[in-house]
Each structure stands twice: as structure tokens, then as C-alpha cells.
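This report refers to the structure that appears directly beneath it.
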Amino acid sequence: MSLFKSQSEDRQDEEHERCLQANNNKFHGSSGYPKNTIKTSKYNVFNFLPLNLFEQFQRLANAYFLILLILQLIPQISSLAWYTTMVPLMVVLSVTAVKDAIDDLKRHQSDNQVNNRPVLLLVNGKMKKDKWMNVQVGDIIKLENNQPVTADILLLSSSESYSLTYIETADLDGETNLKVKQALSVTSDMEDHLELLSAFDGVVRCEAPNNKLDKFSGILTYKGKKYFLDHDNLLLRGCIIRNTDWCYGLVIYTGPDTKLMQNSGKSTFKRTQIDHLMNVLVLWIFLLLGIICFILAVGHGIWENKKGYHFQIFLPWEKYVSSSAVSAILIFWSYFIILNTMVPISLYVSVEIIRLGNSFYINWDRKMFYAPKNTPAQARTTTLNEELGQVKYVFSDKTGTLTQNIMIFNKCSINGKLYGDTCDKDGQRVTVSEKEKVDFSFNKLADPKFSFYDKTLVEAVKKGDHWVHLFFRSLSLCHTVMSEEKAEGMLVYQAQSPDEGALVTAARNFGFVFHSRTSETVTVVEMGKTRVYQLLSILDFNNVRKRMSVIVRTPEDRIMLICKGADTIICELLHPSCSSLNDVTMEHLNDYASEGLRTLMVAYRELDEAFFQDWSRRHSEACLSLENRESRLSNVYEEVEKDLMLLGATAIEDKLQDGVPETIITLNKAKIKLWVLTGDKQETAVNVAYSCKIFDDEMDEVFIVEGRDDETVWKELRTARDKMKPESLLDSDPINIYLTTKPKMPFEIPEEMANGNYGLIINGYSLAYALEGNLELELLRTACMCKGVICCRMTPLQKAQVVELMKKYKKVVILAIGDGANDVSMIKAAHIGVGISGHEGLQAMLNSDFAFSQFHCLRRLLLVHGRWSYNRMCKFLSYFFYKNFTFTLVHFWYAFFNGFSAQTVYETWFITCYNLVYTSLPVLGMSLFDQDVNDTWSLHFPELYEPGQDNLYFNKKEFVKCLMHGIYSSFVLFFVPMGTFYNTERNDGKDISNCQSFSLVVQTSLIWVVTMQIALRTTYWTIINHIFIWGSLGLYFCMSLFLYSDGLCLAFPDVFQFLGVVRNTLNQPQTLLSIILSVVLCMLPMIGYQFLKPLFWPISVDKVFDRIQACRLPQQTPAKTRLKQSSSRRSAYAFSHQHGFGALITSGKTMKSRMSKKNTLFQKGSNPHSLKPKMRFLWLEGCITILGKESSWVGLRKK
């Protein structure tokens, strides 16, 4: 993907303007425009082997073993056979290559699935079925309803009136509300006439490919005239055609040039912090190895000069050795080969096996399985498991990730009376599970999916309560929803925002059914009777007004203005006579807001004919004005939107995914900060932030950055930081001093703590300035001091830029989670990418490292699997380095007793089997099954997660400890047997002091020491651990008896040379004394350190372990947190962030002039033709997490 993308970018640097002609591939044949092929894979059949080997040898250890193999082929310096390195290296490279091939094969399959999608292509006057991959710039294609858009195309014509086309852009910006595109009138006349479309030869000049989703400019030259093009004429790849039978388009951008792919970011090979640390440590080991080899080579040179030179009659020099200096140089490389096990190749094989095993645990976790969609959690990569235990920041999308994007009409207040709360006979509130749904069978047009539980509201409707009828009549009229009757009685609504859909659906179920509309009428079925209202005007919504109104003429010839909007706005517009009703309603609204519900008010006003005619004239003048049109319209709207009579208020629940607030609270306890990066509007995002507990009413302040230039943004950020931490602005602040004295990039900004609890909100426009070089540090310092951050109205590329900014200046692990194609760039940029397999396609999941269906699974992914994986990997590395330092450095001490002659202490077969057989299974068993605490405690005490964030369990300091421990153990393992065997005899008087007996005792002591060490480090014992640990110890003795047996040694004397050593050595008391003494001396420091460390050098989690040991195992998961705990009111009027469909509706463009359908509701009179909207109800049921019986945790800590 990165190679593919870079080629596209190189070409774009040269392309400043794009020029193309319809139906003329020869016109741009030499332009080098790419085909519509998408390529995310890295390899093909021809480049796999060289490219994969090149990538693998970029790993220092692999390059090291390749050099070692070359050295072993030189007989003058090699004391080990070449195949001792060749075979393990081939195994490692092969295993990794197979894994990479399987991963890339999946990417190929995904690419092929997309590239081979069918599309209708106009060829020689006929529609031809072809594949996406064959579409080229300048082609004309046909798209049909519910089809994804193939490439970025210029809309030419459609089945709808005025060539309108309705699209859903969930994969681009995360919004599921409907958007409208329109073709130019000059091309819309071609309709679906193939001969006209084939003859179309318009030339388009437009901007070069870029990532700006909301901007496009170009000029169409056709028949000698020029027509201006903008983004309203462009259909982007990733959109879905809705409510449009067909449309034709001219392909402008293809493949990697499309705006979707321009925003998708580059694929990078992700490595964990442990991987980077291991590379550094491998360099350290190389340096240490070089120093040791140099010391031993110098020692050899001195020995040869003083003794070896005069000893040649017994140990003659080789012909190629002319002096002690030459001999020392050769011995340097000989020791380099012998001591190679300081970086054993089995380390990387073991790491891959451990990661693979921990990945299977994620795949098999039934508590992360989502039954309604039969979707398990997936570890789509096996290289990032331990980094899940080190996450400090989570960057999350909102729509479809935190929320289900389902709005539910929950409660309402009508004329001062509260509806929606249900109580039992004693006046106590009942839970939803205990409630009975209201029966709407009296209404044949009711939506069967709608649920309500307060029967008193239905009874009021049936009794004909005037205010209740007026309330629901207002909801059925005051909106811009479009309707389609697919079959008799089956209405489908398409709303600009889910809020509007929820309100109109509620009115529909309570007997006031919005049926259809034209540019001049709205038809409502009220309690079974059809009433047609004349639509006089729509006063549309925008973010400043935060309200919308309609003016209608009723069948009784009364003119009514109906207004709904944010309660903070409507309160200022009410008639003074509504003050008492307003006070009661405001109390209800406070209760709604405290429960995290989205609230708005509904009011009306009756207008007299003369006033309306006069106002209508001024309104027309304002509409036609060329200067200050928006402000003049706003003033005219205010003239009529006053002295309103209050009807009531509504409360809508923005349905969160199950367990989202609890998950975020738990993550906060684990000191994981959550930032929400969304393309949605500010009001919606902030309301969800409060509902999710990212923000709460106990915060000291929530700062809003909404500057429209860099100076204003800078001032707003500085003001926020001044309130959070005033001393951070002083020149004497340590971080300011650090930033002024620090050299150029890269450098790290230390963490700063605010003097309180704060939140930050910033929109995409302001963020564009804040991400510039001179403001990015200001943004980062301010945001990182906040408990939660909300970035709204963001483009997909901005999401990635925020992640990159954090990676640039903070040495922390970042996780990004999202569910749509607009989240792909963010997921790719983060250290860990998590995809939610939701309703916005599979793009996020296919580009993620881990995937599941519900946000609450993130808690278990991090606090359980992530923490376990990190702890296991740290234990593994500490033990692995220790056992190999201990094993290898014995040769260092031995060198002082053999004239630095590069002789090995151990027998050859022991060297071969030490890492592959004798010590491999115990460490794998610990690394795959060990648990310091079980999953219940991990979730119950999120504080246990903190050591991973600070990388306390394995770092450079811990590595030095392993090295020192290994040096000490190797010293003991050499000198204790040496002292024991020096000038000793067997029981029968024979001499025991020989190299083979000494070697066997050192080997046996080493195996016992490393076995007891891993037994001491294991905190969770299973039958598998017992088999691996004690079985490996038993296997050593069995293998020794076999390899040193008489039969084998006599049959192959050149290969097996330790004839009878086992039976002649291990039966001697001094041998047993030596082994026991070595084990005790090696174990005492470890036992003492584990006992004293919590007492003298405690870390934060030690107190948590004490609390766990002091309390009982919890019987159930923590109780759900109540959302109701706030006292302040928040309004969340969440209609479309842009101007609504008001102007479009009143213009009459929604009428199908060419393809009319008979309205089955009417026999005569008006014949309203609705669009064919299709409202998706995304019904996600939460996972039911059942706390099962857990395994014993008796191995919690060693006592």
C-alpha cells in the first residue's frame, strides 16, 4: 500500500490540474491516470522472496546470525559446525515468511473482492457489465439504488426530478443522514438516453487529486460553453446511492486518486515498544560481546606471547599463525562464534510463538463474543499483543463506535405534565424490563419497531386531549423528513438527522402520521383522518439559530407557526403568559438532561392574515437580496418567531452501545485518556461525551476552541492552559526551559498535570490552524492536561494528523478505534488500530489490528489480554536473557583456565539442545499460561494496568539487572564445581578431575538453576506448567543417559565422546554437594530480592496486590454506573449541521416530474409524490457479559 501510494503521490506532485474528456480514452491515454484498482497488499509472486528477506534482515538479530553463519564457514576461526547456526536461521526465516505470506494473502483476497465488484459501463452506445478495476478516467458509468459509488464521478443525470441524487456518506464522515447532490441542467437533459450519453464529449478541467472531502472545483466545457463545477456535483467513492433508481456519472478520479483513498493514510509496519527496545538491547549485547571477545583475545595474545610461544613443542602453532597477534585476532572471532548464544536465535522464534498463543486467547474469549451478529473478537495481527498492555491514549470515533446512532423517543412534557416515567401501584418507578409496552394496535400506520411504556400518554391521545393532540400535530408538521409508502400502510421515513426521524416516528405512533409532502403541502393522517396542510414557509435550521419553524395553513384556514429548537433559544422567544408553564417545563428538562437525554422545546403561534402577508413580502425580498442575504433572512425570521406559546418538550435518548460509560470510567481509573475524534457536529458530540462520562458536571471547566484564525486559536489555547496550570506559561516552568534548551527534533514533551479536572472541545476548522507547526505544541500541551478531549467536524486526514502529532512528541502507546472508512487513516496511524465491525462497512475492520463488535470489549482487550500479554512478555524476556547470560558467560570464566584457547565448557550436544529442548518448553509454558491475577481482579482493579504504561516490568534497567544476575550465576556455576573438583578423588580412589566430569556437573547445575528460577517466577500453576517444567528437567537426565550411553558412544565415537560420564560422575557425593550448593547460591539473591523489593522499593500496584490478598473474590462484575448525577442542564438540539432540506422542499425539486406514481391514499385532488427514502434502523443489542467461574488464583503472589 505504501509503495502504491507513494507512486500516486509522486505523480500528483507533477499534476497541477486534471483535464479529461468524456467517452475518449485516447484523450488522456498519455496522462498516466491510474485505473480504478485498489492495492493494499505488499507482495506478489515475483518480489515476495527478495522483499521479505530484505525486511527480515532489517531485524538486527537476523543480520547478526547471517554474519555469524558466514564466519562459521571459515575453518581457521570456527570451533562450531556451520549447521548449528544455519538450521535455526532457516527455521526462523521460514516461519516468519509463511506468516507474512498468509497475512498478505488475506490482503490480496480483500483487494480482489473490491476490485472485482460489478459496474455498468457505457461502451459504444450500450451498457456493458464490467469490473471496478477496469474503470478509467473519462468513462461514463451507471449506478443504481443502494449501490456503492465506484469512483469519484461527476453526476450527469438521474432518475429524480432536477437530476437530484441522494447519498449516504457514512464511510466518509460517519454520518448516516441523507445528503443531496445535483447534476448540471445542461447534462441532466440527457436523462438515461444512451445515444445522448454516448455522444457527450464534454471536457472537464479540475483540480489535481487531493484529500479535501468537502471541496471540489472545476469547469465543464460543452458545446462551446463553460459551466462551473463544485462539490455538489461530485459523487465520491465510498458513498451509497439512496432513494434514486439510477444515475449516470463521468469518472473524474480513480483508484488511489479518489478522495477516499487520499484520506486512507499509508500502511506502515507496526512494531511494539518491546521490539524497539529489543533492537537497542541487541546492540548493547553486540557491544558487550565485542568487549568480552576483545578482552579474551588480548588475554590469548598475552598468554601466547609469554607461554604458548615457548610451548610449541607440545602445542604447535598452525602454519597461518605467524605471531601471537595473529593468533589473538583469530581467537577474537572464535570467541565471537562461541559466545553467540548471548543473542540466541530461538529468542525471536519464542517471541512469535508467545504472541501467536496470546492472539488465540483473544479469538477464543467468549466474553468478547457478540451473539446477535455471531461475531467473535479477532486478533488480526500477532505482533502487537503486549503493546495492548501499555496504552496511554485512546482515540475513538463517535458514531457507530460509542453510539449505535439510534435515537429513541424516551419522554416528553406536554402542557406541564410529564410523560414517559412509569410507576407501580405504590408510586415507585419500574425498570424497563418490568414495564409493558404500550399497545399501538389502534393505529394501523404505527411503526412496529417503536416502543413506549407510559400508557397514560396513549390514553390522553384517545381521550382527545387538546394539548396532547396539538403537541403531536406540531411534531408531524415541523420537520424536513421525506416519506415513501412502499406498500399500503408501510411508510419509510428518511430524515436529515436521527433526531428528526425519532420525533416524527413518535408522532406517527401516537396517531399523527406524517404521510407525504409536496413543495406546497404536507399530508398528515390524524387519528385515521387525512388532513392536508398548505406549506407556506420553512424557516430552516442552522447552527446559529438552533431552531426551525414551519408556517402552515390548516384545513380550517388558520395560519400557524410551529417552532421547535434548543430550550435555551425557545425560552427567549416565549410569550410572557407562558412563564409559569415554562418554569415547570424547565424542571422537566433539567431532569431529562441529567439522565443524558437530548432535549428540545416545541412552541407555536397563530398568525393573522394581514401580518403574514406583510411578513411574506419582506421574506421574499430578503430571499432575493444579493447582499447580506443571510443576516437579512435571520432578521426576518426573528420578526415572526416571537411571542410563542409553549406546548412542551421532548427527550430523546441517543442510544449508546452497551457498557460504554462503564468502560470509559474503568479506562480512566487505569489512567487511560480518551479523545473522541468525530466528523459529527459539536452539539451531538458534546452530548454523547457527557452521556459516556468522558465529561461530567463536576469538571472545573470545559474549554471550547472555535477560532477562525491562528491568532484566535492561539489565544484560546493559552487561556485554557492559563486556567489549568498558570505556572506552565512562565519562563521558569521546567517544561518551557526544557523546550527552549532542547535541540531539534525529535524530542519528547513530559507529562503535565492540571490543577483540576478539565475538558477540551475543538472543531475541525480551528484544528486546521492548531495543527500547524507554530501551534501544534500549544495544542498538545493544552489537550494532554485535560481529562477528555472532543474534536468534532474532522476530516479523516485530520484524525490521522492528531494521532501523528501525539506520536511525534509523546513517548506513549496510542490506540485508535473506529468503525467506518473515515476512521481508516486514524487506525493505520496509531500504534494499535481497533476496528468495530458495525454498520458502516468493513473498511475499518479490514485495516485494523484487532476487531470486535462492541466498544465495551475494549476494556477486556486492554485490562485483561493486554495486561497479561505484557506481563508474560516481560517475564519471558527477563528470564530468557538471564538464562542465556548464565549459560554463555561460563565460557568467559573458563577462558582464564584454558589459555584463552576458545574451548567450550559444555559438551556439543548440550549446546545444541540447551535452548531448543531443555529450556524452551518451561519458558513457553510460563509465557502462555501465567497470570498474576485472574481476569475478574484485572477488571475490578484497573490500577493494575499502570506498570505497563510506564514500562516498569522490562526496560533497560531491568535488562542490566538480568545481566548482573547472569554474571553472578555464571560465576557461581563455574567456580563452585571448580572448587569442588579441584584435587579430588572418587570413592574408589580414582581421579575425578577431568574436563568431561566437570562439564557434566556444570551442565547439570545450570539446568537445575534455570529450572528452579522459572519455578520461582511462575505465579499461576497449571498441569501444563508442571509437565513442561519438571518434564524438561527429567528430559535432560534421560537425554544425558542416552547421549552418553556406551552403545551410542561406541557406535559413533567422533560424534558422541562422553562415554560413561553420567554413571561415573553423578553417583559421587561431591557431585551432589556441588549441584546443591550451586543451586542454593544462585537462588538466594532472587528469593531475597523478591522479598525485600515490595518493602523497600514498592511500586503503586504492590498496594493493590495487598488489597486483593486481603479481600474475597468478587461474586459479580462492578455494578453499572447511573447516568443521572448532574445538576446542570445541557441542550442537545441535534438536527443537521448544515442547512436542512427546507429550501429544497419549498423549491419543488423533490417532485418527480418525469416518473410519477399514483398515491394510493387519494382518489382526487392533490397527488403528492414523495421521494423514496429508506431509513435504516440500526438495532444493536449489547453483549451479555456473564461472569463465569474463574480458575484458582492461589498463585497470586509468592508468599
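Numbers here mean position along the shown chain, with the first residue as 1.
Using the three backbone atoms N, Cα and C, a Cβ is placed for every residue, glycine included.
Where the annotation comes from TrEMBL, it is an automatic prediction and has not been curated.
Noted in TrEMBL for the protein shown:
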type: REGION; residues: 1-33; note: region 'Disordered'
type: COMPBIAS; residues: 7-19; note: compositional bias 'Basic and acidic residues'
type: COMPBIAS; residues: 21-33; note: compositional bias 'Polar residues'
type: DOMAIN; residues: 21-86; note: domain 'P-type ATPase N-terminal'
type: TRANSMEM; residues: 57-74; note: transmembrane segment
type: TRANSMEM; residues: 280-303; note: transmembrane segment
type: TRANSMEM; residues: 323-349; note: transmembrane segment
type: BINDING; residues: Asp397, Lys398, Thr399, Glu500, Phe541, Lys564, Arg598, Thr678, Gly679, Asp680, Arg793, Lys799, Asn822, Asp823; note: ATP binding site
type: BINDING; residues: Asp397, Thr399, Asp819, Asp823; note: Mg(2+) binding site
type: DOMAIN; residues: 847-1098; note: domain 'P-type ATPase C-terminal'
type: TRANSMEM; residues: 876-897; note: transmembrane segment
type: TRANSMEM; residues: 909-929; note: transmembrane segment
type: TRANSMEM; residues: 962-982; note: transmembrane segment
type: TRANSMEM; residues: 997-1016; note: transmembrane segment
type: TRANSMEM; residues: 1023-1044; note: transmembrane segment
type: TRANSMEM; residues: 1072-1092; note: transmembrane segment
Whole-number Å value of the largest CA-CA distance among Asp397, Lys398, Thr399, Glu500, Phe541, Lys564, Arg598, Thr678, Gly679, Asp680, Arg793, Lys799, Asn822, Asp823, listed as ATP-binding: 34
Residue with minimal Cβ packing [other Cβ atoms within 10 Å] among the binding-site residues Asp397, Asp819, Asp823: Asp397
Cβ neighbours of Asn822 (ATP binding site) where a neighbour is any other Cβ within 10 Å: 33
Whether the transmembrane segment (323-349) meets the transmembrane segment (909-929): three or more C-beta pairs under 8 angstroms: yes
Top Cβ-contact partner of the transmembrane segment (997-1016) among 57-74, 909-929, 962-982, 1023-1044, 1072-1092 (pairs under 8 Å): 1072-1092
Number of helical, extended and coil residues in the domain 'P-type ATPase N-terminal' (21-86), per DSSP: 30 helix, 1 strand, 35 coil
Long-range neighbours of the transmembrane segment (1072-1092), counting only residues six or more past its ends (CB under 8 A): 965, 968-969, 972-973, 976-977, 980-981, 1001, 1004-1005, 1008-1009, 1012-1013, 1016, 1066, 1198
Cβ contacts under 8 Å made by the transmembrane segment (909-929) with residues that lie 6+ beyond its boundaries: 80, 84, 88, 341, 344, 346, 350, 353-354, 357-358, 872-873, 875-876, 879-880, 883-884, 887, 999, 1003, 1007, 1010-1011, 1014, 1017-1018, 1020, 1022, 1024-1025, 1027-1029, 1031-1032, 1035-1036, 1039, 1043, 1056
Which of Arg598, Arg793, all binding-site residues, has a Cβ with the fewest other Cβ atoms inside 10 Å: Arg793
Cα-nearest neighbour of Asp819 (Mg(2+) binding site) within the listed binding-site residues, Thr399, Arg598, Arg793: Thr399
Cβ-Cβ neighbours of Phe541 (ATP binding site) (radius 10 Å): 27
